[in-house]
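The structure appears below as structure tokens.
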Amino acid sequence: MTATPEVQKSIEEVYTKLQGASDCSSLLKKHLTKDVVAKNKSKKTRLGATLLDVIQSGGENLDSGVGIYAPDAESYTLFADLFNPVIEEYHNGFKATDTQPAMDLGEKNVGELADLDPEGKFIVSTRIRCGRSLQGYPFNPCLSETNYKMMETRMKEIFNSITDPELKGTYYPLTGMDEETKKKLIADHFLFKEGDRFLKAANANRYWPNGRGIFHNEKKTFLVWVNEEDHLRIISMQNGGNVGEVLARLIKGLNLVAAKAPFARHPRLGWLTFCPTNLGTTVRASVHIKLPKISAKDDFKKICSDMKLQIRGIHGEHSESKEGIYDISNKQRLGLTEYQAVRQMYDGLKKLIELEKAAA
């Protein structure tokens, strides 16, 4: 299978645009060389994805940090000339010869994660999430409307079968959602919107809102987003800083879903996701935290970066901090175990809280 001449021309146009954009510093621009374009512009995956599907978001959004997405699982292998160097640079030197370790969620280690902030002075809330792709389905740009609906039906059956009192709850499909339910989910910060301009340009919003929905338990501490950026985002959260409790609930919920729906895993890259930044463990362990003193210092970002922590505003990626509250998470997802990813966040935050106390 070969990409059409029109697609190949569009790929060359994206390359030319990126090279001429002095204000663009994405990993796509850096690693989409003339040689990579020449070698890969005619290739097509079995599901019909081309290099254009991989690069179009970064070509349209010159302020992207990374700029590439995988339209299907095969893309990670077929377009490895581009994915491998981007993955290596983003994921802390994870080379093309490296392999993601076997899964270790940390069942035996949960007890080591004592509450980071028992007095409740700093941490507003704690959240751990992971992404999963259902085996046998492509990612967003290659999904048909039928695919979306089939995946949603499968997940509804799983949700309806949950008997664990901590996890059982209700599934809310986005299709046909009434205003009252919508308002309630927005108030709880559970409702995800149509993808932003980065995802839109990557063709991740097709057939919206079909096949999309949200499941949450009665206590609103366990959530599953269906067909947002990834097929599944499995989330455990609660107020305060008890990371151990949050992780234990995530493990229980993830194991429950995994027993009934096999997930797509790559022998080298681990759990597969639409965006290469989430590969491997896919784990993002985060807190909303008040750090008014050290966040005012010039080297705050460097302190976090040195501890492999990522800072965002509390309204997610590409948002600013409000009232000195930051969303701080582990940056590394690949080349370490799931438990190590959580531990990276935990140990870094312990240190940040010590620094904040010392600055008082």
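Cβ atoms here come from the backbone N, Cα and C positions, even for glycine.
Lifted from Swiss-Prot, the feature list:
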- 10-92: domain 'Phosphagen kinase N-terminal' (DOMAIN)
- Gly65, Val66, Gly67, Ile68, Tyr69, Glu229, Cys275, Glu317: substrate binding site (BINDING)
- 122-359: domain 'Phosphagen kinase C-terminal' (DOMAIN)
- 125-129, His189, Arg233, 284-288, 312-317, Asp327: ATP binding site (BINDING)
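Where Swiss-Prot records a feature, it is marked here on the structure.
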| residue | record | DSSP (3 states) |
| --- | --- | --- |
| Gly65 | substrate binding site | coil |
| Ser125 | ATP binding site | strand |
| Arg233 | ATP binding site | strand |
| Ser286 | ATP binding site | strand |
| Arg312 | ATP binding site | strand |
| Asp327 | ATP binding site | strand |
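Counting other Cβ atoms within 10 Å of each Cβ, the binding-site residues Arg233, Arg312 show the lowest value at Arg312. In the structure shown, the C-beta of Ile68 has more C-beta neighbours within 10 angstroms than that of any other entry among the binding-site residues Val66, Ile68, Ile128, Cys275.
For Tyr69 (substrate binding site), the nearest neighbour among the binding-site residues Arg233, Ser286, Asp327, judged by Cα separation, is Arg233. Taking Cβ-Cβ distances under 8 Å and a sequence separation of 6 or more, the neighbours of Glu229 (substrate binding site) in its chain are Gly131, Asn140, Gly195, Leu199, Ala204, Phe274, Cys275. Within the set of binding-site residues (Ser125, Asp327), the lowest number of other Cβ atoms found within 10 Å of a Cβ is recorded at Ser125. The helix, strand and coil residue counts that DSSP assigns across the domain 'Phosphagen kinase N-terminal' (10-92) are 48 helix, 3 strand, 32 coil.
When the C-alpha distances from Arg312 (ATP binding site) to the binding-site residues Gly65, Val66, Ile68 are tabulated, the minimum falls on Gly65. Non-local neighbourhood of Ser286 (ATP binding site): Thr126, Arg127, Ile128, Asp327, Ile328, Ser329, Asn330, Met345, each in the same chain, at least six residues away, with C-beta under 8 Å from its C-beta. Shown are the binding-site residues Gly65, Gly67; the one with the most C-beta atoms within 10 angstroms of its own C-beta is Gly67. Residue density at Tyr69 (substrate binding site): 27 other Cβ atoms are found within 10 A of its Cβ, drawing on all protein chains shown.
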